[in-house]
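Reading through the structure tokens given below for one structure.
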Amino acid sequence: MHHRMNEMNLSPVGMEQLTSSSVSNALPVSGSHLGLAASPTHSAIPAPGLPVAIPNLGPSLSSLPSALSLMLPMGIGDRGVMCGLPERNYTLPPPPYPHLESSYFRTILPGILSYLADRPPPQYIHPNSINVDGNTALSITNNPSALDPYQSNGNVGLEPGIVSIDSRSVNTHGAQSLHPSDGHEVALDTAITMENVSRVTSPISTDGMAEELTMDGVAGEHSQIPNGSRSHEPLSVDSVSNNLAADAVGHGGVIPMHGNGLELPVVMETDHIASRVNGMSDSALSDSIHTVAMSTNSVSVALSTSHNLASLESVSLHEVGLSLEPVAVSSITQEVAMGTGHVDVSSDSLSFVSPSLQMEDSNSNKENMATLFTIWCTLCDRAYPSDCPEHGPVTFVPDTPIESRARLSLPKQLVLRQSIVGAEVGVWTGETIPVRTCFGPLIGQQSHSMEVAEWTDKAVNHIWKIYHNGVLEFCIITTDENECNWMMFVRKARNREEQNLVAYPHDGKIFFCTSQDIPPENELLFYYSRDYAQQIGVPEHPDVHLCNCGKECNSYTEFKAHLTSHIHNHLPTQGHSGSHGPSHSKERKWKCSMCPQAFISPSKLHVHFMGHMGMKPHKCDFCSKAFSDPSNLRTHLKIHTGQKNYRCTLCDKSFTQKAHLESHMVIHTGEKNLKCDYCDKLFMRRQDLKQHVLIHTQERQIKCPKCDKLFLRTNHLKKHLNSHEGKRDYVCEKCTKAYLTKYHLTRHLKTCKGPTSSSSAPEEEEEDDSEEEDLADSVGTEDCRINSAVYSADESLSAHK
């Protein structure tokens, strides 16, 4: 009941008569009964049934239990009280009122109410005056009505042009309470004046904004608002020479300040004010104007918000003159104390510190305070922007450093030291590591980016390419110690003597395996396995810079220059290198010192030297195949693009290379013009000749377990074993002939015309030279040129013929 009555919006100034039959003959009473200042007497309470108006309680009584609930019957609050506002008119219930017979209600309470009736009503500013959706719950009219004259202990006139707002100028709504229970807000009974404070015009939209003016500790003399200043003017704060009423000290009150034609000088925090442009009305703002300290000659106002400061220009927030003028933003000085929450505003400087009580509800303000005050002195119980001036600096104890994942994952048998290959950190052995000891897998960041995959510097060892079926799948990047393990610190060997680890891929991962016993106090140095080196297009051995002549080169550039010197040593004399030199005569005068081959130009010889050294820098992007000659790469790319520019004039078959066309034309002529250099045997196809030459140049080391026949390659042995078992899995669908290999079946299909086919020779097949080597059958097998039957030995073929 008490709470409901305290929340009522009571009538404006002007004490109306109470209605009670039990006190109809009582004598007039006044505030002098209570020892208060004299006030006009009032008539006796009239007959029941008339309206009753209850005046507003002053701020000095806001903390006391409401006396109104004592004078009305129980339950009257539920039905209402007759007030001056139309929307709150109610009628008292019929008499009698037995509890009004006491002397308290006859004399004392009417005196209190009559005293309060003489005073101007308190003015309030409440943060809830504007709803979240931006609609004003309370508004100020364009022409607020004048206040009744009120003077206490002399008249103190305010300067012209200053207008205060009372409750009569407020169009209140029934749902809005003007009696909050918040004790931190103080009533303003007179106008507020400030001096030497610039005005601000803020671009912050008032849509969804609630402003709150909070006064703590108002002290001073009473002030009067002249009648001449009661016309509608913007509320200005220009001077603090006129002091506020002392009756408002330590009490709370709220003034609704919403509507058109209202101006306020404000001081804005630089870190928490953002420019608001049109179209932001849907967002909820909560900008509060806090007065954190008020004394006799100083008042401070701060606008705190969670937005950043932007350039402020004069803008109109409403159609009818609501605007804010520019303001100078003050800075924090060292004299400000956070604990007290006091602020001084003077003509020279303005200092602002928000009290901690107001900072608790704003995360952005908390962050701002953390940056403004870095040191908290526990002896002074306050914060300082630097060291305490009295007790000096504090002692900081840092955290224990946390090592990275790469360093923490290092095995106990290994240690990290400076590398001998020039790197900052390398991995060294603390004890003997036996041969065939594996480490891994290598852990790093996986990347599928083509930019990383096509890293041009293949010498760096922090990019590891992973292939699947000859196609680049992803890369492992070992640059971040927190994302990798200790294997990122293992460095690459510079030559064969330094290498003691072999890096190889397995199941999409990289492992290191020792190639020898590694004694203590030795650094682990790796190089790639032979197969992996071929995949990534690097030399098969780390001593790639060691020339065949015995020259050691520290870099590839030096090694390339050294190879050029070998080429110049084979150049012809000046008399033979004129305009009609080898480029025109096509004479192969540039011979390789490592093999019998000769070339028509030094550039061709240079490329040939790179092949001897295992250097294939030109790599295919489609199948990861590498070439030492860029022209070979261009020719190889035609296989992927399907470009065939060389066409046979007899059968309209097309080829990607001219050499393939020439080899194909032999099928139509039947000529065998390819002769072996070691014997007089002739061949129609170049691939057959190359396969034959291997018999003379390479030693067969792979032996058949059934017939002791030797082979050059394992796949040749597998094909040979099928002949022992009688397996001919590749059958022609036209003539039902079977073959040991798919290669021979493919050759047969090119000439097969059915069961009565009797083509003389198989047709040429277009294949890359290196691929044809893999498809070719073992050297010991021969096929019949008459019916394409395959035989494992020359003797069997002769018997067949």
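Using the three backbone atoms N, Cα and C, a Cβ is placed for every residue, glycine included.
As annotated in Swiss-Prot, zinc finger covers the listed stretch 545-566 rather than the other ranges in 39-60, 281-302, 325-346, 545-566. The feature zinc finger, as given by Swiss-Prot for the ranges 94-116, 255-277, 416-438, 646-668, sits at 646-668.
Residue ranges 150-172, 380-402, 702-724 are listed, and Swiss-Prot annotates 702-724 among them as zinc finger. Taken as a whole, the zinc finger (545-566) shows an average pLDDT of 63 in this prediction. In terms of DSSP secondary structure, the zinc finger (646-668) contains 11 helix, 4 strand, 8 coil.
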